[in-house]
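A.B. asks: What follows is a structure written as structure tokens; I'll ask about it next.
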């Protein structure tokens, strides 16, 4: 009889636990916030908060803290909510974030730090997070992103960097984000010099693959001010070629990547995004594409009539190959001269060594003869 009554008791226990679970979430809700126990959302927007609220339920999955007065985020500030997936800290007054502020948030997918006063981010900040897909850093005062942060951003699909103080971005950092499909870069004081060529090449490949982005307007130098980096012809960067071989090898890598991308799309040379990918390799020689980009640059020669895309690629490839072969030949010539000089020095050294050995042998023979004559003369005497 007792055995027959056990199932109802167990069912009542389960029912009580189910009823108490939402109540426990409600009791864990900070008094400054409103909590939804069904979807595990904690809303603390516009409450005048100066710090991260405490007593958050550990099952919280979304935390909204925008429109407050938070100025800094300390170490392990969110240790109470390890399962959080969305964290919105936009429109505060945040100036500093501890490198370990996000420690423990392994499931975080969406992070917004927009509209704050951040000047830099520590490269360790996002290391604990492996599933971050959206990161909004727009409307801050960031002067750059650490190149070592690339591994933490490899799963991003959206990155917001608009309206900061960026003058350049590391190309290796951008190449690490292989899943990125949306990017905002407007409103930054981009310096369109030789160090931005890598970013230009990456942006053109990114757009060619279907990535969505806004414009990158140059602020410096003066002759390129307010011009879109993607539309600036490569001829305007020809001074870089005279001072650095990095430009050459960057273009070799880019042309090879483009060839692989276009292997199955032959005949799409009418696409303007493909025209933007062509890179001239001779100083002062125009290979088409950017006919409207010469304003303000007096050293640029008038552009010739645009040639077919395949011919342009062939010419660029021939020039690149010629330059590389020339460099290799010079290196081989230098090696040959060094080898000959070394061989001549060693031959001279061997001749002198042999000569010294022969001289030493002759002197030894003379001494031996003298030693033999002395006993004979003594015997006669």
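From the backbone N, Cα and C atoms, a Cβ is placed for every residue, glycine too.
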A.B. asks: Of 314-345, 346-377, which range does TrEMBL call transmembrane segment?
C.D. replies: 314-345
A.B. asks: Determine which residues of the chain contact the domain 'LRRNT' (28-62) at the Cβ level, with the cut-off under 8 Å and only residues 6 or more beyond its ends counted.
C.D. replies: 21-22, 68-71, 73, 77-78, 80-86
A.B. asks: In the domain 'LRRCT' (188-241), how many residues does DSSP call helix, how many strand, and how many coil?
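C.D. replies: With helix first, then strand, then coil, the domain 'LRRCT' (188-241) has 29 helix, 9 strand, 16 coil.
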A.B. asks: For the domain 'LRRNT' (28-62), what is the mean per-residue pLDDT, to the nearest integer?
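C.D. replies: Overall, the domain 'LRRNT' (28-62) comes to a mean pLDDT of 92.
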A.B. asks: Over the span of the domain 'LRRNT' (28-62), count residues by DSSP class, listing helix, strand and coil in order.
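C.D. replies: For that range the per-state counts are 0 helix, 7 strand, 28 coil.
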